2 protein chains.
Amino acid sequence: MADVLKGNIVANKIKEQIKKDIQNLKQFNKIPRLAIVRLGYNPGDISYEKSIIKNCDNVGIESKVYEIDENIKTEELVELIEKLNKDNEISGILVFRPLPKHIDEDVIRNVISPKKDVDCMHPLNLENIFEGKIDGFAPCTPKAAMEILNYYSIPLEGKNVVIVNRSMVVGKPLAMMLLEENATVTICHSRTKNLSEFTKNADIVVVALGNAKFFDESYFTEKSIVIDIGVSLDENGKLSGDVNYDRVLSLVDKITPVPGGVGSVTTSVLLRQVVLACKNM
Amino acid sequence: MADVLKGNIVANKIKEQIKKDIQNLKQFNKIPRLAIVRLGYNPGDISYEKSIIKNCDNVGIESKVYEIDENIKTEELVELIEKLNKDNEISGILVFRPLPKHIDEDVIRNVISPKKDVDCMHPLNLENIFEGKIDGFAPCTPKAAMEILNYYSIPLEGKNVVIVNRSMVVGKPLAMMLLEENATVTICHSRTKNLSEFTKNADIVVVALGNAKFFDESYFTEKSIVIDIGVSLDENGKLSGDVNYDRVLSLVDKITPVPGGVGSVTTSVLLRQVVLACKNM
């Protein structure tokens, strides 16, 4: 039976450190404050927002939601973000994405101050990740995966890590983070041939397809360490990872559950970045 | 016997296109001009400079060398680059690297105008590469490798490509370029274990260690396509690639020679980027 790499214990450790950091900041009259910019009423956004606000309250970060008409023009959204950039009461800015199609996301991500960019959307922050400077603002999901690997003392140096995702929010930044830890990194995707040969030969497999239960036991061995970032609904409308968890659990060495794995660490990583932004103000 | 993937024929094709583009630009009274900024008298820099000037003359690009005392202060170099940024007669700026240790390279690469940054040192241009936007300014060496693969019609979609290099000037940007072509990409490096297993399983192997003749026949198979970016001196002081060419030539499917391979395409890629900068002015 595989070791289950639960996320909540990792998240709790991060949150304990955040609370200490916030106590220290109080001595300098600094309070971390997060501005959440949400356009419209996407249920996914609202659910994520609730979780962020609850976690903010829990650790002592103040949060303020800017609920915006989804028909706002790009220039008006730019104005709001510029106002938040200048506002000394705001440490970090989170803009929910994807933005509505009529908004030029490239304009928005260039406008946000790199110093308040806690979700790592600004090109200058992303370029730091490309260079392997991963201690500043980083995309939260791959950083959460790294936190889990680190918490459970999973060695990375010289290990063969296969990532099934090549996006700018997961696969590419994660590859850069793993290279910094001296892992050998393979980036697979929808056009990869013989995917199971790559995953079976890997020491660690990170999957993020958003395709419920896609990866069954034919993709793994008894040595596999599996990090499941995918989140989607299965045939019964139940939240599921990319891995067919029930069938794989008895085979592999270690595995993150969904829910309760990487996703439960993501918000803590975001909050830590709000505190970092506050420290640097 | 392997097919030898010669670079000069690829470079010539690029140069022919450059000449046509320059003819077109003349109609708009535009002449591409390259500013070369060299600090001190590093023999490697001077040799590369000579080759660039010769090639510029050959295609119709004007070049101007700024020969600078290597003891210049960072602020003074910043002043020069800011002057070149504003100079409407200058299309592109090339600063030879590595810079002397007392110069803050990070300051310099942030100062150069992204629109004149023909060597792709500015973070915003590098971030474009990270995102897979590879048609603007790109690091010249990995782009030259891509030109060779493209010229010889080597399929990349779904192919297993192994890169032995993780630097910002070769391995990482090359990985992003290959992902855009839907290759499956593995990044190996000095800490990779069982390197030959990775290279033997690959369809295409790109090596850039700078370790003369390191890769012998034990790293390849009869199906291997080998792109050799390494350049160093062998035990007899002769220019050599990373591959033990004489021993590997009879085994593999295709291979680039050194000299005469990727290196002979690099300058043409640079010149094309000067023309691109001129077009966009």
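Glycine too: its Cβ is placed from the backbone N, Cα and C atoms.
Bear in mind that TrEMBL entries carry predicted annotations, made automatically and left uncurated.
The 10 Å shell around the Cβ of B:ASN165 (NADP(+) binding site) contains 24 further Cβ atoms across the protein chains shown. DSSP assigns B:ASN165 (NADP(+) binding site) to coil in the three-state reduction, placing it in neither a helix nor a strand. Taken from TrEMBL, the feature NADP(+) binding site covers B:ASN165, B:ARG166, B:SER167, B:VAL231.
Marked as domain 'Tetrahydrofolate dehydrogenase/cyclohydrolase catalytic' by TrEMBL: B:5-119.
Residues or ranges marked as domain 'Tetrahydrofolate dehydrogenase/cyclohydrolase NAD(P)-binding' by TrEMBL: B:139-279. This prediction places the mean pLDDT of the domain 'Tetrahydrofolate dehydrogenase/cyclohydrolase NAD(P)-binding' (B:139-279) at 97.
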Item to check | Interface-adjacent binding-site residues, chosen from B:ASN165, B:ARG166, B:SER167, B:VAL231 when a CB lies under 8 A of chain A | outcome: B:ARG166
Checklist outcome for this item: Counting across all protein chains, other CB atoms within 10 angstroms of the CB of B:VAL231 (NADP(+) binding site) number 18
Item to check | Residues of the domain 'Tetrahydrofolate dehydrogenase/cyclohydrolase catalytic' (B:5-119) by DSSP state, where helix covers H, G and I | outcome: 56 helix, 18 strand, 41 coil
